[in-house]
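Here is what TrEMBL says about this protein:
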type     : residues  : note
TRANSMEM : B:62-80   : transmembrane segment
TRANSMEM : B:92-113  : transmembrane segment
TRANSMEM : B:119-139 : transmembrane segment
TRANSMEM : B:151-172 : transmembrane segment
TRANSMEM : B:178-199 : transmembrane segment
Amino acid sequence: KEDEGSKDEL
Amino acid sequence: MNIFRLAGDLSHLLAIILLLIKIWKTRSCAGISGKSQILFAVVYVSRYLDLVTTFISLYNTLMKLVFITSSFATLYLMYVKFKATYDHNHDSFRIEFLLLPCFVLALLINASFTPLEVLWTFSIYLEAVAILPQLFLVSKTGEAESITSHYLFALGSYRALYLLNWIYRYYAEGHYDLIAIFAGAIQTILYCDFFYLYITKVLKGKKLQLPA
């Protein structure tokens, strides 16, 4: 995924 | 991390703790859908595979481990330790009708066609509908114990708070993830009927009983 922003979410 | 995200995570954690307390204290898993709990375990395992590939933060790692461990602990309590109290007959939702469509949808609509990303997307879609067997069980028996109601309220609030987190992140950081937002909205909508009953009945000290 280009945008890793959502991966820090649970 | 913003206040909505933190509140969402804490609400999720509270839900899991409430469920474990309910089963442990009453020595019974009556009224709890094992099917939903199986789906949640599938959700956590398929979403948190990045535990072994990417380190994000200590908080992130710990919470993921707590969610995975507690979901397997719940399954153990339901299917092994307190198996005799498990409500087989009412918990008749066919989970393959959720698992298969979610998997196909994840294969079709994802951010990138890689195993980890498809499984992450699958877990997002599956989580949105994983509560259906539980809601189905409540509707079949027509009632829920108050602690089960608190559990469902905390679990439903968690994604609703994430929706606020995503709105906040869109304005504050320009970040958004359409897959998560779409699934999160569906997930929250599924709880609306329950939220209404919870606020109008359980909070007024009455038992959650569906109108006949």
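Glycine residues also receive a Cβ, built from the backbone N, Cα and C atoms like all the rest.
Nonlocal intrachain contacts for the transmembrane segment (B:151-172), taken as residues 6+ away from its ends with a CB within less than 8 angstroms of a stretch CB, comprise 2, 4-5, 7-9, 11-12, 14-15, 18-19, 22, 127, 131, 134, 138, 144, 180-181, 184-185, 187-188, 191, 194-195, 198, 202. Residues 109-111, 121, 124-125, 127-129, 131-132, 135, 138, 149, 152-153, 155-156, 159-160, 162-163, 166, 208, 210 of the same chain lie 6+ residues outside the transmembrane segment (B:178-199) yet bring a C-beta within less than 8 angstroms of a C-beta in it.
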